[in-house]
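Q: Let me give you the structure first, and then I'll get to my questions.
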């Protein structure tokens, strides 16, 4: 019981839903299937009844009497449409023909839903044999008659063909016609005389391909001869003189036909037309009437022709108008003549011939010639008429062809100009030669300085005589160009003027290579000065553009435009960085840039720097000299002191310390004798500067004070000057182990060497006893005694104390 409860609930809910839809009036449907059938079968013979049936199946709810829209198509083309509440429709093909063959399909639409069936093919085999009918089986040659070919039981557009067959031959198609129906009627005409057979067939185009029917039954046709060929005669003869009257007769012989028309033609022009069997045409001949005459007979659309040639001889030829001179210019006189080149003197009266001249159709005069002057008002179409009297034809008139006379305008003086108005020397250019007046064609000839003459012919308005020329390098070469212009072979040419070309042309000469100079021009400059860079050119057209460059910096220093062939750029307060290579560029309107050669600039130091360096060098040199001199002097003094010390004859009395002193009495005696110029000099060498003497000195404890006697003499005037008088100097003298006196107490001993009168020099030896002949020490009139003694075993610091 518990398991059945859910099922009952579901059923109850479904019933309630259905009841609810019925109460609300909601409906729904679906097209299940659409079927198409071909009965009795898909392949049938032509003439068999066929039914195309379409069946639809629709599922629905709460709907009654659904409307179905049926559409049956053949090869995509609708052939039947029906709206019904029934679920099927039928379309009958009774009987079915070949045109019914194809693919069929059915589509059913219900409200907004649609569904199509599968396609079914129907193949109807067999075509009806056509029937041929003629309205005339015995036509005349080229006579039109009616022929019809029909297949009344067939459908659709048919293409009919008509055939002609001669005895023992194959059918030949003579016409093909496309029709939308099942029959065709055409007009035929046959040219072949005799019996022939006519037939027809047709084709039907289908999607599956074209099908052809069998041929109709042949009909025999007899084509008869039509006797309407005309006969033509020309009276009095087919060859006549101009002015004579002739008659042309044209007729149809033995014709029993009615409605025959005759035509007389000459050069496709109908001279006369006549209905009936005969035609006559009479006319007065002219020289241009010679030619072929045609007589044509027409019955219906059948035509027959005959031909005759008419020859008309001229008594005199057509006059020709001539003008002299043949080349006419304004202001020239001209003469017109009317000339007859051929004539028959026995057929005309030559003396009675008249000539009449016309201009633009208006009569000018009646004379043998006509004269006038070339002028624009006399330009126009001229003609002449010749009137000849003949016994046969009385009077004949012939006119010449019109002659257009236009007086030419003589070419004016040409003008030479440079194309564009500007000439760049050194570059190719173009010259234009032009004349303001002159009748075309005009021939221009250009003559240049180094080239052959060049020709240009101007034939139409708007053309120009332009000459392409190689470069020239001097503006004066423009004066060498000349242009000749002429439009007549019988008149001299007009000549241009070269001066006009030179003055009317803007000549631009490229600049020459610039020259860069400097000021000052020494190639070097001192700091602080002003450097001027002058860039100049020898040739060129102004204005000039100058640009200066510094190679080391790679920058543009300045750029200037001027009308002068040179310009300068100044660098003020020159510094070391301004040294290096410089160059300049020049250009002008020719747009050719030229570079100068490089100029090397060296920047020197300023003058005050040089002077300061010189002064410094001089001071340095002077300092070096002073130092060297001072050192040399010290060295000399050292050597002299050592020499004096070596020359002093000091004899050591004992090993005790000794003192060397001069008594006041001896000093007084020396001072009292001025003539003697005696001098006692004691030098005490500084012990600090003489390290060697210190190293060789003996200790104070072992030294003893000694006195010795020193004699002085008058100085030699030839030697170095010495001090006047006698200076007493007290100093302690210590004897070294070698017996050489030492400097003690820091007092220098100055010794003046005295020369002996006999030139002997006393040299102090180790023992102090040897004296050479050249020098003697202490040889003088007054002698100074040096005593050595010991005072309490001490050292005597000053002479008074000793």
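Each residue, glycine too, has its Cβ placed from N, Cα and C.
Please treat TrEMBL annotations as automatic predictions, because they have not gone through curation.
It should be emphasised that the depicted structure is a prediction, and the values quoted were computed from it without experimental measurement.
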Q: Pick from 761-781, 782-802: which stretch is listed in TrEMBL under region 'Disordered'?
A: 782-802
Q: Can you dig out which of the ranges 611-630, 631-650, 651-670 TrEMBL describes as transmembrane segment?
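A: The range carrying the transmembrane segment annotation in TrEMBL is 611-630.
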Q: Where DSSP helix means H, G or I and strand means E or B, what are the helix, strand and coil counts for the domain 'Ig-like' (319-394)?
A: 6 helix, 47 strand, 23 coil
Q: Quick check on the domain 'Ig-like' (514-600): DSSP residue counts for helix, strand, coil, in that order please.
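A: Split by secondary structure, the domain 'Ig-like' (514-600) comes out as 3 helix, 47 strand, 37 coil.
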Q: Would you mind giving the whole-number mean pLDDT across the domain 'Ig-like' (514-600)?
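A: Here the predicted model's pLDDT, averaged over the domain 'Ig-like' (514-600), is 87.
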Q: DSSP says what for the domain 'Ig-like' (230-311): how many helix, strand, coil residues?
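A: Grouping H, G, I as helix and E, B as strand yields 3 helix, 57 strand, 22 coil.
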